[in-house]
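A.B. asks: This structure is in structure tokens; I'll ask about it shortly.
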């Protein structure tokens, strides 16, 4: 019995050593990816450079400094259909650090969502995602948290990590992405970001899986999630009471991919400062419709921190430098009905026009003719008229057939 226990303890020690070696290999970048960590991005066009196509954006003038992407940290809450694909795209883009939050496990029912694989069923989503993402790009730093952010004991830790979990410990993350599938979690993220003044982006897919949206939330500047909440939130309805037994929401990998794509595109434009960042961008798969809009914050928002952020933004706005534009001199309008100064030139001279005109009638003073009747040409051919014979069309046709 003692020997069996000793063998088991020895085996446990061997496994712990193997686990430590595996962790060391992952940190060093010698894991499953087959390459070491790249210290600096290069634009060298070779097959062995994973960043050559990304750095081409700089060479083509789209982005001024693509290397800056490695200095940013992004937190993703919800590693499901949209969140996992979002994390994969940012990993492939070479983001500096990703913080992943989710409490769910991978199920076979998730296999239609593009990212997870069948052998990962039963694993926590954050662990499965980290394992796959680290093998894709070992240059990215990962921090995973397997818990529900809406619970009291975990909400404070969630706030601590987004305010101190940046690329450098103690610095806030640069952006928080909401990829959750319920309003309770969205409200928790909204509350945390309003309190911290943290910019975040929200995303979602409709229950029938044929539409979705993304929304940028800048505390104080744009509407937060509580400024114009959905009916289920405004009515304080428990979401659990709305779900029927045996009925689940639809899920299309195409819609998930589109929403994740436009979300990451907006993230890249926001971080790397190129193009126009959308405050709201919708997607309707039925009509291929992409509506955009900007929503102002609600001065009577239920979230007190949102109202506080609005007041602080109003104080900051006058101090922000405004882009001065040189005054443009307005060109004098030649004629109110002809602002372009277009002139119509006749191909006929005044003398020719006078000679070809007919007699001008005598008119009272102040009245002129718009045009004159042209003279009848003397060499014009007179019209030839034929007298009506009185025969019908049928008779004429019969006579023609006899000829």
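Using the three backbone atoms N, Cα and C, a Cβ is placed for every residue, glycine included.
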A.B. asks: Motif 'UFM1-interacting sequence (UIS)' per Swiss-Prot: which of the ranges 333-345, 346-358, 359-371 is that?
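C.D. replies: Checking Swiss-Prot against the ranges 333-345, 346-358, 359-371, the motif 'UFM1-interacting sequence (UIS)' one is 333-345.
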A.B. asks: What's the number of neighbouring CB atoms sitting within 10 A of the CB on residue 81 (ATP binding site)?
C.D. replies: 26
A.B. asks: Which site among 224, 227, 301, 306 has the most other CB atoms no more than 10 Å from its CB, taking these as binding-site residues?
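C.D. replies: Result for the most crowded candidate: 224.
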A.B. asks: Please report the distance from the Cα of residue 148 (ATP binding site) to the Cα of residue 301 (Zn(2+) binding site), rounded to the nearest angstrom.
C.D. replies: 26
A.B. asks: Restricting to the record's ATP-binding residues (81, 102, 125, 148, 182), give me the longest CA-CA distance in Å as a whole number.
C.D. replies: 17
A.B. asks: Near the motif 'UFC1-binding sequence (UFC)' (388-403), which same-chain residues lie under 8 Å Cβ to Cβ, leaving out any that are not at least 6 residues past its ends?
C.D. replies: none
